[in-house]
Amino acid sequence: MRNTSKEVQSTSYRYAPCDWYYHLPVKRSEKPVGAPPASQIPGLSDLRDSPNVNLPRARRYWIKETDSEYVKLAKQGGRPDLLKHFAPGTRQGSPVAYSLPDWYIHHSKPPTSHQREVPVVSIPDYMVYEEFNPDQANGSYESRQGPFDFDRKTIWQREAEELENVKRKVKLPAINSKNPSKTGTPVSHKEPERSRLSLPPMPGQKNSSPTNFSKLISNGYKDEWLQQQKAEADRRTPKTSRASVSSKSTEDSKSNQDTETPENPETPEGSEKTPDAEVSSPSESTPAELK
């Protein structure tokens, strides 16, 4: 930038200075100016060289017992050559470029097979396959279980095994299902004690035919059950009671007919009512609102 001090003085009446864009260099003063220290931490700046300060008296109370190790080190001047890097064996010789580690530079030579270390690979026990060797077992071999163990026993089988271990045997009633298509037995209200002991058959011991889903959707099993219930009801009712009920019903019907038609010899034969008239008579007796 050229010096325009003369132009500014001659043309100050025409152009206003742009102070926000540039500033004129101020003339340096030749008076000595006290520069601030490079660091505000005592002991790291040029205070040790200042002749106006009494060093023993000023530094007497610098380091205190309550100061941390970092503050004590900073007050004593810090670690020497903290920000300098010295390559090994080159401190007394000519300066050498910064030595980078081998893992950082791709130009470095890869280690040979003799220098390589075999990495130690650790695999979980359940992922390692080992062939069974009976010679190494010696009676103390335990089969390894997988990470997930499934219990396939039902609660009834487990309870039965526990009772056998305690030598307490409970005799359960036999499960005789009348309907082979159903897995459970119907609970009857007449025998509550027996129904408590009845248990459904085991899923593995099912000998009946598999469920026919087309028959299940079309309510075929329901119709079979209704037919079986009806047949059982017919078997329970005795045949003698049916005959007595039928004879009583016939006698009652005959007595009702005799009471309704009394004997009258004087009535002519033509006065007998025809069946058509008997059929039409109830329609005449019905009120007009119901017609």
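Heads up, residue numbers simply count up from 1 along the chain you see.
Backbone N, Cα and C define each Cβ position, glycine as well.
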Would you mind telling me which one of SER50, SER94 Swiss-Prot calls phosphoserine?
SER50
DSSP helix, strand and coil counts for the compositional bias 'Basic and acidic residues' (221-237)?
16 helix, 0 strand, 1 coil
